[in-house]
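Engineer: I am attaching a structure below and will ask some questions about it afterwards.
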Amino acid sequence: MEEKDNTLERQLCFLFYVSSKEIIKKYTSYLKEFDLTYTGYIVLLAIGVEEKLNIKTLGARVFLDSGTLTPLLKKLEKKGYVTRTREIDDERNLQIALTTKGKDIKEPLSNISKQVFNEFDMEVDEAIDLKETLQNFVNKHFQQNI
């Protein structure tokens with residue numbers, strides 16, 4: 001960016017911030033019926049229906065550290081969406097899996113993205129291009145710590 005681009009509206013970071021905040025706000029309205037935050041939503045989507053995974057692997061998928069994930073997973077467990085079980089061979093290794101209730105909401109949760117997308121006046125091709133651009137940006141600049 002040029003040096004003269006010092007106004008807030010011209011800052012790339014501000015555009016990311018506003019986009020993220022406003023999109024999450026839209027998701028939040030749909031997530032209320034499931035008593036989920038946006039972070040809880042992405043964590044549930046990141047866990048496969050028949051999958052058991054540890055916190056480190058899950059954290060790498062969603063770009064969250066264990067300090068953020070641990071309290072979130074406790075809340076999701078209280079709500080009946082996930083189980084947290086310790087490995088018999090290594091009690092430090094906590095395995096996360098979806099419960100039946102967690103599996104049952106996977107489909108309705110996956111439909112939320114479509115509902116949010118429909119709120120924007122955006123062509124499908126435009127959305128695909130934006131997603132690919134953002135995916136390339138994330139892949140290039142942010143490493144998942146697996």
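From the backbone N, Cα and C atoms, a Cβ is placed for every residue, glycine too.
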Engineer: Using Swiss-Prot as the reference, determine which range in 7-30, 31-54, 55-78 is annotated DNA-binding region.
Structural biologist: 55-78
Engineer: Over the span of the DNA-binding region (55-78), how high is the average pLDDT in this prediction?
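Structural biologist: For the DNA-binding region (55-78), the model's average pLDDT rounds to 94.
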Engineer: Of the residues in the DNA-binding region (55-78), how many are helix, strand and coil by DSSP?
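Structural biologist: Its residues fall into 21 helix, 0 strand, 3 coil.
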